[in-house]
Amino acid sequence: MTLVLNFQGAGAGNSSLQDKATKTLLLRIFAGFWILGLLNNSAYVIMIAGANEIAASAVGLVYLFAIGPTIIVKLSAPYWFHLVGYSTRFWVAAALMSCSFIIVGCSKSMTKQLLGVGLVAIQGGLGEASALGLCSLYPNQLSLTAWSSGTGFAGIAGYAWVAVLHYWLGLSYKATLLLANVMPVAWLAVFHLGLQRLKPSQLSKAAVEYQPLPVTAAAEAQEAAADVAAPADAGEPALRLRAASGVRPGHARLELSSSPSSSDGQAHDQHPHHHHQQQQQQRLLPSGAQSSSALSPAGSCHLGGSSAEATPEHQQHRCSSPQHHEQQQHDASAMTFKQRLQVTLQLWPYMVPLFVVYFAEYAMQSGTWTAIGFPVTSADARHRFYLYSNWMYQAGVCVSRSSGMLYQANRMVLWLMPGLQCLLLAFFTIDAVTHTWYNWGLLSLCFLAGLLGGAVYVNSFTLLSKEVEPGLREFSLSAACVADSLGIACADVAAIAIQGCLFRWQNLPGAAYSCGST
């Protein structure tokens, strides 16, 4: 059998059984990544929701331990992820999640509890960077939207877990955390039983490469010849796996393709931005790689047999096209440290919007919204606004992170949204002092802040997946995700100063930092 997963699109004479099988697989992929996103971020949210239980007199330390290790993992991930397979990373993330719940729940020492918070931070960073890279093995926009939507709902689900079990049902915080150990079990079940297309034993060492289906006439002719030689059953979609060039045994990926065009002219008509995308991808190649690898995705070859047979010698035997070496995709696993750093830095068009939008929204959450209340002099009123504003923000995030299949922002819009978020930060800061618009109607702007933040998150990764050279797509998705964590960390520091200054200007007590004090 041939290794490429291909579903012929509508209009190619597909039967209703084919359509049903395709929809079932798409639903399975979407549900799998949605649940992974939900579980990955819920663990972090549960720790944040219980920050007062962990360190009532030093909540800031909980936030610091919840984000610091995440940044370290995400910063270092591009330089060692290619050495550790997905299965290993997912098992480590599950173990870290479980250990964090046990340590924080069972320990009496604040030091040990903070250690547990640090473990969940490592898990969150490892899980996010790994899952985003994993999205490159599946239909990109579908899987990235599902992951983003799940992470967006995690904010609501995490707080609900603590609220329902701890506050409403009266369970101890220890019991609330220990019951959360169902999450790492579900995390592993979704990965192994829901998403892995091959047996776990085959993928335990995988570091899968992304490679798109061919779009050139020559490659389409090869696809058509393969389809004629091994026609799919009339009642089933054509299931084939494509192995990326240069991958080790067990490396494969999933993709959905539309029916091929019949001529070279049609191919160009169906891909009017192909040359522009090549130019975008060219800028994201490390120096020295551009001359040795082509940007066209047509250089893939079909490998007979199972993925375990995909040795370099086997590939050389199968790849008989004279254009193969010219069309070969750049192999991210072969890049040097310098090349990895260079590619990461060249991802700034996607990382800067992520950093800015997260900085602005978390500065609002932790800074300006803490100094708003009706009336502001009442600590209970400020607490109520802070609670409701964060719920509205989370609702906005959940909605917009689920919109990836409905709208794809271009670079201009992607950069415009963080600018609007900064305007909201400025407005809330000024309004907290002047009380120009000072009623519960402000919650609508809190919802808007969530919409902007979630939209930048999902559109940054979906746009990246479209513009970055396919051989670097998996690497780039994992590398770019550090931007949001850096934005959160900087915002946490800035929020201390913002809250202190707003409290002083309004003569409010209780701020950890007094603006202008010596």
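Using N, Cα and C of the backbone, Cβ positions are placed for all residues, glycine too.
These features come from TrEMBL:
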TRANSMEM  25-48  transmembrane segment
TRANSMEM  54-73  transmembrane segment
TRANSMEM  80-103  transmembrane segment
TRANSMEM  115-138  transmembrane segment
TRANSMEM  150-169  transmembrane segment
TRANSMEM  175-195  transmembrane segment
REGION    252-333  region 'Disordered'
TRANSMEM  412-430  transmembrane segment
TRANSMEM  437-457  transmembrane segment
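Between the transmembrane segment (412-430) and the transmembrane segment (437-457), three or more CB pairs separated by 6 or more residues in sequence fall under 8 Å, so the two stretches touch. The stretch in closest packing with the transmembrane segment (115-138), judged by the count of Cβ pairs under 8 Å and taken from 80-103, 150-169, 437-457, is 80-103.
Contact between the transmembrane segment (150-169) and the transmembrane segment (175-195) is supported: at least 3 Cβ pairs lie under 8 Å, counting only residues 6 or more apart in sequence. Within the chain, the transmembrane segment (437-457) has long-range Cβ neighbours (under 8 A, six or more residues past its boundaries) at 148, 151-152, 353-354, 357-358, 360-361, 364, 369, 372, 374, 385, 388-390, 392-401, 403, 409, 414, 417-418, 420-421, 424, 427-428, 431, 484.
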